[in-house]
Amino acid sequence: MLHYKRILLKLSGESLAGEDGYGINAGVLDQYAEEISEARDMGAQIALVIGGGNIFRGVSQAAANMDRVQADYMGMLATVINSLAFQDALERKGVFTRLLTAISMEQIAEPFIRRRAIRHLEKGRVVIFGAGTGNPYFTTDTAASLRAIEIEADIIVKGTRVDGIYDSDPEKNANAQFFPDISYLDVFHKKLGVMDMTAITLCSENSLPIVVMNMNEKGNLSRLLRGEKVGSLVHHEGV
């Protein structure tokens with residue numbers, strides 16, 4: 001019995017770069033695709049949002065002298081590149097997928113239509129959402145929250161390279177405090193940087209829980225779906 005039937009998995013573009021620091025690491029891509037394939041085989045309905053920071057970040061130093069709107073559109077295109085790579089990796093494992101983009105790209109993807117996305121999920125396809133929200137000034141974290149609410153996901157899973165939420169970077173501070181369970185309000189007040197404030201607000205207002213977990217730990221996604229305690233859970237206090 002699955003603890004979560006329909007999930008939205010959010011991955012950063014940087015995570016796809018692995019140790020390379022830039023671009024797409026084939027080994028990481030294959031590992032993540034394998035994790036998603038196993039979760040899909042358990043009967044979970046899985047949607048995916050991937051950032052584009054391994055290729056281009058609209059708020060980066062490289063874009064400092066660019067028009068912000070132009071830079072954000074470049075970032076959206078970067079997410080589509082990652083989405084196409086992920087689609088290929090999944091389909092090589094026999095997983096049926098659909099790529100839906102917020103900006104029309106009819107030669108390579110379907111336009112985002114909510115009912116169509118839900119129907120794909122019901123048919124067992126992994127749905128990848130590309131191009132963010134299609135609007136500048138909104139992050140892929142916000143896109144993930146929005147899409148998760150639209151498809152009525154049970155939870156957002158944010159895959160990272162650390163075990164969950166800490167009060168400081170555990171890769172730099174060995175004494176960082178781990179939060180296995182935390183409220184949306186505490187995420188705000190402690191400024192923990194789980195997601196941007198717009199994304200957290202959307203989740204809070206729609207009572208959509210968030211799990212932050214280590215995507216590099218093999219089997220974590222499957223364990224989470226079975227109801228095992230994995231990573232950090234963000235939810236309403238007392239729930």
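Cβ atoms here come from the backbone N, Cα and C positions, even for glycine.
Your range for region 'Involved in allosteric activation by GTP', going by Swiss-Prot and the list 18-23, 132-137, 204-209, is 18-23.
Site annotation (Swiss-Prot): ATP is bound by LYS10, LEU11, SER12, GLY13, GLY53, ARG57, TYR166, ASP169, and the candidate from THR142, THR160 recorded at this site is THR160. When the binding-site residues GLY52, GLY53 are scored by other C-beta atoms within 10 Å, GLY52 scores highest. When the binding-site residues THR133, ASN135, TYR137, THR139 are compared by Cα distance to GLY53 (ATP binding site), the shortest distance belongs to THR139. Across the region 'Involved in allosteric activation by GTP' (18-23), the prediction's mean pLDDT works out to 90. Sorting the binding-site residues LYS10, SER12, ASN135, THR139, THR160 by the number of other Cβ atoms within 10 Å puts LYS10 first. Summarising the environment of TYR137 (UMP binding site), the number of other Cβ atoms within 10 Å of its Cβ, over all protein chains shown, is 12. Proximity note: of the listed binding-site residues (GLY52, THR133, TYR137, THR139), none has a CA within 10 Å of the CA of LYS10 (ATP binding site).
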